[in-house]
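Below is one structure, written out as structure tokens, with a few remarks after it.
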Amino acid sequence: MTVITVSLEKKQYQVKIDRRLHQEIGQAVSLVWTPRRIALLTDSHVGPLYLTAVQQQLEMSGFEVLPLQVPAGESSKSLKTVGELIGKMAEKGFTRDDGLIALGGGVIGDLGGVVASLYMRGIALIQIATSLTAQVDSSVGGKTAINLSHTKNIAGTFYQPDLVLVDPTYLDTLADRDLVEGYAEVVKTSVLAGGSFFDLTGRIYGVTDIRDNAEELSTRAVAYKAQVVMADEKEAGQRQFLNFGHTIGHAIELLAHGELRHGEAVAIGMIAMSSRMTRDGLTPASLTAALRARLETVDLPTTSDLIGTPAFFKHMVNDKKNRGGRLNLVVLKDIGQPMIVQKAIVDMPDFINENEGNNR
């Protein structure tokens, strides 16, 4: 078992990575929580596969479990769903001494984090990550969020879990497309980290390679993210680097109305930004080519006709990284050398469209 400790100013917790964790959930939870009521949140995809087994293990370990299931997909990351879940927990008499476990991928992790942070001003939270996106990225670091109609992840909190469990065997039931979109976050982290991690993603050529190397990919990605989060928990500095590809990615993800997965949109965003900065002479052309190759070899998209449209820029204005009319854009000086470039929102159409031929 790999154990990565996240040590913050006011909290410390462990991320455990092992292929046997799905059989040891009750024991793992008992090490950090005393017996209590647990709201076990999942979705309509993960629930039929794993909810019963997890619930039984928790109950055998002395916990009282309230199973909560929401429809799978981004539509559940809403204020309406948050209100419904909080209402169900209140009806069952949950108190501040109880807890919530998010059993699922990025959507459930985000949603569960928001609910846990808001219920009675905060109850204990554990993340059990079942998708690659969650295992390598979203379950670690305490960022939680829901969507409003025109903006992704616009309402949320920083709320750290008490424990994160990552079992790569959960990926066995994940569809190839869902696996690959999570791999986009792995590539992102590897180019930020550089070194042997970036070399590793250069040896991944397809879905089989992702599955075969899932444990190492998760370990490398979580170790890097934990290091960044410990240095900058609230995203005041270097944690912003983890947003590489996301400013453009979030905008086109919303415009695609479900046709693009999150990781697919991030892949497009990374190449769009790197190509633009290569044109300016900041990002080496060889880096952009290496990044593109890592994404395209697993069939991730790297272009979109949605970039540069009026609706695209409207979504960028609403981006949560908009600070005083300026966007902090993450760009790469080299492998393992991210930096922030500030651009005024009003200048973004010229900045993006000047290079649109390379992105369409």
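Here the Cβ of each residue, glycine as well, is placed from N, Cα and C on the backbone.
Under DSSP, ILE108 (NAD(+) binding site) is assigned to a helix (H, G or I) in the three-state scheme. Marked as NAD(+) binding site by Swiss-Prot: GLY106, VAL107, ILE108, GLY109, ASP110, THR130, SER131, LYS143, LYS152.
The Zn(2+) binding site annotation in Swiss-Prot covers GLU185, HIS246, HIS262. For GLU185 (Zn(2+) binding site), other Cβ atoms within 10 Å of its Cβ number 28.
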Cα-Cα distance linking HIS262 (Zn(2+) binding site) and GLY106 (NAD(+) binding site), given in Å to the nearest integer: 10
Other residues, Cβ within 8 Å of GLU185, HIS246, HIS262 Cβ centroid (Zn(2+) site): THR133, ASP137, ALA184, LYS188, GLY245, GLY249, GLY263, ALA265, VAL266
Site extent for NAD(+), whole Å (max Cα pair distance, GLY106, VAL107, ILE108, GLY109, ASP110, THR130, SER131, LYS143, LYS152): 22
Rounded to the nearest Å - Cα separation of LYS152 (NAD(+) binding site) and HIS262 (Zn(2+) binding site): 10
Proximal residue to ILE108 (NAD(+) binding site) among binding-site residues GLU185, HIS246, HIS262 (C-alpha distance): HIS262
Integer Å distance between the CA atoms belonging to SER131 (NAD(+) binding site) and HIS262 (Zn(2+) binding site): 12
